[in-house]
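Working notes, beginning with the structure itself.
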Amino acid sequence: MSEQISEQSEQNVYGACPPVPAGESSPSAASAPRTKVRTHHLQKWKAEGHKWAMLTVYDYSTARAFDDAGIPVLLVGDSAANVVYGYDTTVPISIDELIPLVRGVVRGAPHALVVADLPFGSYESGPSAALAAATRFMKEAGAHAVKLEGGERVAEQIACLTAAGIPVMAHIGFTPQSVNTLGGFRVQGRGDAAEQTIADAIAVAEAGAFSVVMEMVPAELATQITGKLTIPTIGIGAGPSCDGQVLVWQDMAGLSSGKAPRFVKRYADVGGELRRAAVQYAQDVAGGVFPAEEHCF
């Protein structure tokens with residue numbers, strides 16, 4: 001009887017059901033109790049043809065909002081280098097700078113799968129370094145999985161981590177940590193380079209990665225790779241055929257300054273609203289309007 005109950009609940013909980021399509025209402029907590037999203041749920045969604053969204057996040061409060069919104073996968077990306085710490089690239093950020101961010105996100109998102117980025121310099125030297133870095137994120141921060149950049153060149157690291165029981169999300173195409181080698185922010189996998197991108201995708205899948213991010217890859221190539229792989233693909237500037245999509249949340253919500261990349265769609269003007277609220281608050285304080293009687297004891 002208990003097995004039947006468990007099986008039935010698995011079919012109806014948040015983690016086992018596909019994400020709710022845009023424009024439709026999420027099931028109520030009473031009708032569909034939520035549980036933790038696991039890597040096997042992403043595999044199930046790929047097999048069933050259900051697409052899903054991933055967002056970056058770097059703090060407790062934002063993680064809580066996205067978890068409440070039903071975002072199934074949250075990435076504490078090394079993009080924190082840019083949007084949290086103000087570095088020009090992702091290269092300078094360290095494990096010690098990322099771990100406190102991951103801790104906050106894990107606490108704020110009880111249902112999402114939380115993935116932590118391994119920063120530049122923490123895994124390139126080989127499997128032992130990768131295992132040491134990933135272990136810190138799992139033990140000290142409570143991450144559920146880690147992400148690392150590279151294809152064939154990091155296959156041994158991926159195999160080592162998965163053998164140790166650490167789920168790995170791979171990242172191919174444009175890899176921001178290699179921006180200096182790649183000559184800037186350039187689309188990868190065009191022309192003859194397509195074969196290497198395909199080889200990278202196959203290599204990370206065979207090494208044991210549970211999914212792979214493809215960044216700034218031609219849509220046609222991303223479609224081909226998604227069809228070849230049994231693991232989910234996650235696109236960022238890789239067209240609509242990927243199994244999932246990811247954006248930096250500040251780009252998605254309109255908090256980032258400057259021109260957005262071509263692959264970004266802005267769904268809000270959070271930056272404008274924050275500025276408006278801050279200006280109004282300052283004016284109310286200066287004019288003696290705030291605090292008013294209702295704000296006093």
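A Cβ is built for glycine as well, from the same backbone N, Cα and C atoms used for every other residue.
A quick note: this is a predicted structure, and the numbers were derived from the prediction, not measured.
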Per Swiss-Prot, which one of Glu48, Glu149, Glu152 shares the Mg(2+) site with Asp78, Asp117?
Glu149
Applying the rule Cβ within 8 Å of the centroid of the Cβ atoms of Asp78, Asp117, Glu149, what extra residues of the same chain belong around the Mg(2+) site?
Gly77, Ser79, Thr90, Leu118, Pro119, Phe120, Lys147, Leu148, His171, Pro176, Gln177
Among Asp117, Glu149, Glu215, the recorded positions in question, whose Cβ has the most other Cβ atoms within 10 Å in this structure?
Asp117
Cβ contacts of Asp78 (Mg(2+) binding site) (under 8 Å, same chain, 6 or more positions away):
Thr90, Ile93, Leu98, Asp117, Leu118, Pro119, Phe120, Pro176, Gln177
Determine, to the nearest whole angstrom, how far the Cα atom of Glu215 (active site, proton acceptor) is from the Cα atom of Glu149 (Mg(2+) binding site).
10
